[in-house]
Amino acid sequence: MSGAQRGQRGGERRGGRDDRRGQGADKTAYIERVVAINRVAKVVKGGRRFSFTALVVVGDGEGLVGVGYGKAKEVPAAIAKGVEEAKKHFFRVPRIQGTIPHPVQGEKAAGVVLLRPAAPGTGVIAGGPVRAVLECAGIHDVLSKSLGSSNQINIVHATVEALRMLEQPEAVAARRGLPVEEVAPAALLKARVEVPAGVSEEVSS
């Protein structure tokens, strides 16, 4: 067998492995949103060393979402680190017919985010950082308002804190000693989206 033929067969084998890796990647595809990219400098003896930071939101669009922060010398590497960090902090978000079960408020540092349920067809009424988190989580109808700090990192984490505080209507009703119908509209309860037990617990990627 000639060297060219061996090289050709070797290339075919390598291509086969690449194809298998591609098929595996499709099974774990997620929605990724880059919220912010910043260049930072570190002063050292020889001068300044520049690097990039990336704030990334990752979700499956079906109630699973996480936020990550990556830092590297190049933008793509910073984003990749942010994606991996976000996957380590996945958590489940309770949803009912594409919206949230009840109003909620999240705070992080000086950032405050208010979220309220909305009727089907309303859409995501939110600014960029809040919208990124909600869309990755699979929330399609919601009203939001950001107060206090305009820092994107604080706003994103305030949104995450708000989502972590969400509960299923049954849990809220049991705690308050009320019928479920008084906690959430009957129309939403009828068309609710089932969420696995332990919605507030983090899950591995």
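Numbers run from 1 along the shown chain.
A Cβ is built for glycine as well, from the same backbone N, Cα and C atoms used for every other residue.
Per Swiss-Prot, these features apply:
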- 9-24: compositional bias 'Basic and acidic residues' (COMPBIAS)
- 30-93: domain 'S5 DRBM' (DOMAIN)
- 1-25: region 'Disordered' (REGION)
*Can you count helix, strand and coil residues in the domain 'S5 DRBM' (30-93) using DSSP?*
14 helix, 38 strand, 12 coil
_Predicted model, mean pLDDT over the domain 'S5 DRBM' (30-93)_ = 91
